[in-house]
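> The structure under discussion is supplied below as structure tokens; questions concerning it will follow.
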Amino acid sequence: MTFHFIFADKEEQRTKKTKNSPSCLGYPVSIFFIVVNEFCERFSYYGMKAVLVLYFKYFIGWDNDLSTTIYHTFVALCYLTPILGAIIADSWLGKTIVYLSIVYTIGQVIMAISAIHDITDTNRDGTPDNMTFHTAMSMLGLMLIALGTGGIKPCVAAFGGDQFEEHQEKQRSTFFSIFYLSINAGSLLSTLITPILRAQECGIYSKQSCFPLAFGVPAALMVVALIVFIAGHSMYIMESPKGNILLRVMKCIGFAIKNRFNHRSKQHPKREHWMDWAEEKYDKLLIAQVKMVLKVLFLYIPLPMFWALFDQQGSRWTLQATTMDGNFGAFIIQPDQMQIVNPILIVIMVPIMDSAVYPLIKKCHINFTPLRRMTVGMLLASLAFVAAALLQIQIDQTMPNFPSSSQIQVKFLNLENTSVPVEVEGQEPWKTIIKRKVTNELETVNLSIQDIEPNGIHMAWQVIQYFLMTCGEVVFSVTGLDFSYAQAPSNMKSVLQAGWLLTVAVGNIIVLIVAEAGSLPDQWAEYVLFASLLVAVSIIFAVMAYFYTYMDPMEIEAKFMDLEPEEKKRKELGMTTKDNLAYVNNETSNNTDDKQTKI
């Protein structure tokens, strides 16, 4: 389970606060409401998401492929909408959280209503008579949830940071740690509790799996989250609207492309970098910052493949668990509860990697740079899918041979002591295969003839693939976020964060394309396909990382800031500036060689 933040950019000028927030032990009281809000919101999201794919399969009645497709479409939307949230957050940060939380809450309530089978069960047989109504309601609910959770994702953490004064850097750092802890707590508890609620039976006329309760409790927590956030409104420190750096970057890139296209003839001299064509309108500092951003974004191109595998924990792996034995003796694990292994292992693995593994590698004089760590993380994720494929092969050996989508299966059970001929229209007459004699001594017949053996492969075997995937996540995701933050210009952290979230969305789109294609007959073959694709992508990423030159954004920005007054003077005098090249020697702890970086 990975978590993403869009942090407020430090170098954006913070406006003077007009009021002081009440404090307790040196911390603004307002952050209590923000932390509780985040805990409830994360409980709501992960709780609903934990049972979603089983809702599609067992309530709506979709097959595994369609359930997986819709599941990953929803996740992709949840990681596309943060870009919209990032654009509007700088202008209406506090209001954005309130309004989108209302949308979010309505979506959760609609999801809970869509799972009540009694609404359309007019004949009271336990099956909804109008599945179109339930499907439409659930799709509407999911769209509202995606808009809500994605829209507030870049807002809450930044809003919490705004509650601190400039001299409260230590308290702000502690707040983000507590904020992260609230996310973990909410996701852990919800992933544990909602599958238990889903396994209960409830209903007015007939008892069915209690999806309304499994969706209703997260909806209730979202209502609590909204109430708590609104309750603290009088204590919040609200920042004045600021310019949005994401839009500035997009406009700068757009102008450079347009200007280059307008001067594509040979009579115009070439420039060292295509972004230099933006110099007619934008200052060189901004252009240099955009170049640094684009350099990192180029490395993001192969990353969606990792997320394509990672996010299948909630879809394919959960469906795999439905065919396994969850009896652990003292308790029974539900298939959708196995997802809790990931956050538990994260809590264990992060300190182990930071305090033991990385220091040991450093003592061995191995230059384990961030990009090399990310490559290893991708390879570990591919190994996780190899483990899933091997496990699936063992499961398939215990499963009966069901007919394909183009075939039907008919069974006749003959309890008489003579053969009964059966004739199918268009086919030759044939006799029933099963014969049973009823002796005079046997007056009753036991009709429980066991055709399908119970699940024989234990669910504990999935821990292997979860362990490998979590190790891959720790060295890939955590390192990737830190790398992006370190390599980003001072005022463009949110731009790179938006790009990072976009890779998650694209990864889920890859899954839904493969699932919808459905060209592979066996699930283990699909696991092998994903593992192979990620290995190939890992090799490409390793080559890209080899040629990447680590930057010191602060040093580069300082050099251009020194040139900025002279540049402004030239523009005021109407002088044309010639293309120039800035070379900066960068020494970073992650790169042993001094390389020349061209801006």
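Each residue, glycine too, has its Cβ placed from N, Cα and C.
Reproduced below are the annotations present in TrEMBL:
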type: COMPBIAS; residues: 577-591; note: compositional bias 'Polar residues'
type: REGION; residues: 573-599; note: region 'Disordered'
type: TRANSMEM; residues: 70-89; note: transmembrane segment
type: TRANSMEM; residues: 96-116; note: transmembrane segment
type: TRANSMEM; residues: 136-161; note: transmembrane segment
type: TRANSMEM; residues: 173-193; note: transmembrane segment
type: TRANSMEM; residues: 213-238; note: transmembrane segment
type: TRANSMEM; residues: 292-310; note: transmembrane segment
type: TRANSMEM; residues: 340-361; note: transmembrane segment
type: TRANSMEM; residues: 373-395; note: transmembrane segment
type: TRANSMEM; residues: 463-483; note: transmembrane segment
type: TRANSMEM; residues: 495-515; note: transmembrane segment
type: TRANSMEM; residues: 527-551; note: transmembrane segment
> If contact means at least 3 Cβ pairs within less than 8 Å, sequence distance 6 or more, would you call the transmembrane segment (292-310) and the transmembrane segment (70-89) in contact?
no
> Establish whether the number of Cβ pairs under 8 Å between the transmembrane segment (527-551) and the transmembrane segment (373-395) reaches at least three, counting only pairs separated by 6 or more residues.
yes
> Cβ under 8 Å, sequence separation of at least 6 from the ends of the transmembrane segment (463-483): give me the contacting residues as numbers and ranges.
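That would be 2, 4-5, 303, 306, 309-310, 313, 317, 338, 341-342, 345-346, 349-350, 353, 370-371, 373-374, 376-381, 383-385, 387-388, 391, 500.
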> Quick check: do the transmembrane segment (173-193) and the transmembrane segment (373-395) share at least 3 Cβ pairs under 8 Å, counting only pairs 6+ apart in sequence?
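No; fewer than 3 Cβ pairs under 8 Å.
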> With an 8 Å cut-off on Cβ pairs and a sequence gap of 6 or more, do the transmembrane segment (70-89) and the transmembrane segment (495-515) reach 3 or more such pairs?
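They are in contact.
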> Same chain, outside the transmembrane segment (495-515) by at least 6, Cβ under 8 Å from its Cβ: which residues?
4-7, 65-66, 68-70, 72-73, 75-77, 79-80, 82-83, 86, 153-154, 245-246, 249, 293, 296-297, 300, 303-312, 315, 480-481, 484-485, 487-488, 526, 529-530
